[in-house]
Amino acid sequence: MLDELFALDEWGTWKDFVKEIKDAFSAADAAGDARAKLKVLKQTGTANEYIAEFKPKLVEKVLGVEKPLTTIKRDPNVMDVDRLSLEEREEHFKKGLCFECHKPGHRAADHKKGTVPEQKKYDFTSRKKAPRTGKETHLCIKAMIEALDEKEKEECMKKLEDEGF
């Protein structure tokens, strides 16, 4: 190739040169090769290892495009659970909470369908139970506080302290 370029004394553009090199050394059927590799692909590591391997390649591709992206396109059919931490997602699964409004009794897809059930409000005035003893009340309050996360516990304790408890 270099002999040809020296003989003609016509170098062309860098873009043309890079294209010729890529054409000369790339697979004839890159898409077919990729499909064949996918058919025999087996997972050998953890999902986190694959993600760690994938991210730098993705960043490299995004930074290497001639025309940088100006918007991020979003698939409307994809569940929007990535905005929660792993702990929050686990908590939502355990408690059966909606990933959209974080309330129980339905799923995030129900919001798109418009089929979210109306939340029933508890009527504290219609309670007919006998009053709790001091010990029962103490145990009930203790259980409620233990159910809070650390931040909520701190806020609760501060409020109780401010109120003189």
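The first residue you see is number 1, and the count goes up from there.
Any Cβ shown, glycine's included, is placed from N, Cα and C.
In TrEMBL, the feature region 'Disordered' is placed on 108-130, out of the ranges 108-130, 131-153. Taken through DSSP, the domain 'Retrotransposon gag' (12-55) splits into 31 helix, 0 strand, 13 coil.
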